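Have a look at the structure below, then the notes.
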Amino acid sequence: MADEAKAKGNAAFSSGKFDEAIKFFSEAIDLAPTNHVLYSNRSASYASLHQYSKALEDAKKTVELKPDWSKGYSRLGAAYVGLGSFDEAINSYEKGLEFDPNNEALKSALSDVRSRSRAPPSSSSSPFGNIFQGPELWAKLTADPTTRGYLQQPDFVKMIQDLQRNPNNFNLYLKDQRMMNALGVLLNITMRSGTGNDEEMPMGMDRDMPEVEVEQPKKEMPREPVKKQPEPEPEPEPMEIPDEEKEAKERKAQAQKEKELGNAAYKKKDFEKAIDHYSKAIELDDADISFITNRAAVYLEMGKYEECIKDCDKAVERGRELRADFKMVAKALTRKGTAFVKMAKTSKDYEPAIEAFQKALTEHRNPDTLKKLNDAEKAKKDLEQQEYFDPQLADEEREKGNEFFKQQKYPEAVRHYTEALRRNPKDPRVYSNRAACYTKLGAMPEGLKDAEKCLELDPTFTKGYTRKGAIQFFMKEFDKALETYQEGLKHDPRNQELLDGVRRCVEQINRTNRGDISAEDLKERQAKAMHDPEVQNILSDPVMRQVLQDFQENPKAAQDHLKSPEVMQKIQKLVAAGIVQLK
């Protein structure tokens, strides 16, 4: 991730490993080529290595990506100073101050570069005047563990800035040991303070100036090496990355405050105010998609569904760029689907809502989202039926189905009956007719389902009982078929089809009782009966198990059991199912 590479670059920069910092910032730029902070940090790294041309290139890119960011102009000015282009540097610092008039770093840099641009090239009478010029001054002082602490002392910083403006003032600070140590760091030599006024001083030096011992290669007379203290890791260049991190933290904190204010306004139903606060939060911190989803929720409450959908799309896109929590992305997609549902007027309007809910579930399987998906699919189906409902066209399709049925073209008949049910799903006649087709085609389960639906719509429809009974008879469920025919006779006692059905069922049951069926048929009937929940309950009843045992071992007791209507009914059920045979 770009953030991870950036963090490694910051750490390398802080340790003074500028080459490594450049490597990591370059990796981050490859992952996030529009992030202006990455170009700014790499520009600072190049400047620390005195590669001012590359630093200038990155600084220009920073300003191009973020024209209103004052830090970008600070980078631009530093690069121009390193290249000796003082006029361009002045223009850069002044441009930065237009966006941030109170930026002390820009003010100080502008003042220094103006002083340098006005000063004659060789006007300094101090032999050390030039070493206090150039942007690498602060990097060297920061990298040394001794002088690093001096940069936290305002009076020392003022001395350095005064020498940058007027190198001739160097002699004013010779008695300050901090200045001597700083001089040693800038000259890459070890400074040793004098212990008295009688020591011999090098020619050309003021008597108050300490002795300077230049580090040189080993001579004939070796001297005891100076033990060096372990140097702590150097800190970053002053006012570079820490400023950016501080600014980012401040913006994030302010964004969270705006979010809290937005939440409070939302609870009070002050939606316009809530939108203002959430919008400010988004401007301050675009790396938190919760600000966008919250604003989408407000638009949803206000009935501004188009705006809600736009915000949800924005949240999803930004969330995937940032690799945000998948739950947040799922929430945005769910909110988008809800907005589409609110807008839906036709069955097709539910399609984008269903798609949004399905995508949300792939991100995070949330029960609430799943319920919304099921509700949307049901609403779509109901609307489709309402939009398709036309009793007149349904009757026309039914008649076409009847014609094909007479011609024994049962698949074609099924197709027209199905279309008739789509046009009018409340017509029991169509279910009855289609059940007859399924029976002819040998599709008994489908036919039974249609017959049951027919009777559900109209319990007095005699034809439905004959269809159902016939299917059960063909399935060799004679006991169930008998019950169906008997139930139909309650509504039409003289119906010949029903009476014939009862007669056929009784004959089959009696044949079973007499043992007039093959062992294979008996086994098949018993296997089907064992899947019947009613038969299973009878056989698992302890009382009925005792009754069946008495039939085998104690016939007298069995006769007493038959006096009970309830027991007698259960015995008849087992006999009809082929489980029990009476001889």
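Glycine is no exception: its Cβ is also placed from the backbone N, Cα and C atoms.
Per TrEMBL, the features are:
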- 118-127: compositional bias 'Low complexity' (COMPBIAS)
- 211-231: compositional bias 'Basic and acidic residues' (COMPBIAS)
- 232-245: compositional bias 'Acidic residues' (COMPBIAS)
- 246-261: compositional bias 'Basic and acidic residues' (COMPBIAS)
- 134-173: domain 'STI1' (DOMAIN)
- 532-571: domain 'STI1' (DOMAIN)
- 110-130: region 'Disordered' (REGION)
- 211-261: region 'Disordered' (REGION)
- 2-35: repeat 'TPR' (REPEAT)
- 36-69: repeat 'TPR' (REPEAT)
- 70-103: repeat 'TPR' (REPEAT)
- 255-288: repeat 'TPR' (REPEAT)
- 394-427: repeat 'TPR' (REPEAT)
- 428-461: repeat 'TPR' (REPEAT)
- 462-495: repeat 'TPR' (REPEAT)
Looking only at residues six or more beyond either end of the repeat 'TPR' (255-288), which have a C-beta under 8 A from one in the stretch?
294-295, 297-299, 301-302, 318, 322
According to DSSP, how is the repeat 'TPR' (2-35) divided among helix, strand and coil residues?
27 helix, 0 strand, 7 coil
Determine the mean pLDDT over the repeat 'TPR' (255-288), rounding to the nearest whole number.
93
Please list, for the domain 'STI1' (532-571), how many residues fall into helix, strand and coil according to DSSP.
34 helix, 0 strand, 6 coil
Taking DSSP states H, G and I as helix and E and B as strand, how many residues of the repeat 'TPR' (255-288) are helix, strand and coil?
27 helix, 0 strand, 7 coil
Run through the repeat 'TPR' (428-461) and tell me, per DSSP, how many residues are helix, strand and coil.
27 helix, 0 strand, 7 coil
Going by DSSP, how much of the repeat 'TPR' (70-103) is helix, how much is strand and how much is coil, in residues?
27 helix, 0 strand, 7 coil
Tally of helix, strand and coil residues over the repeat 'TPR' (394-427) according to DSSP?
27 helix, 0 strand, 7 coil
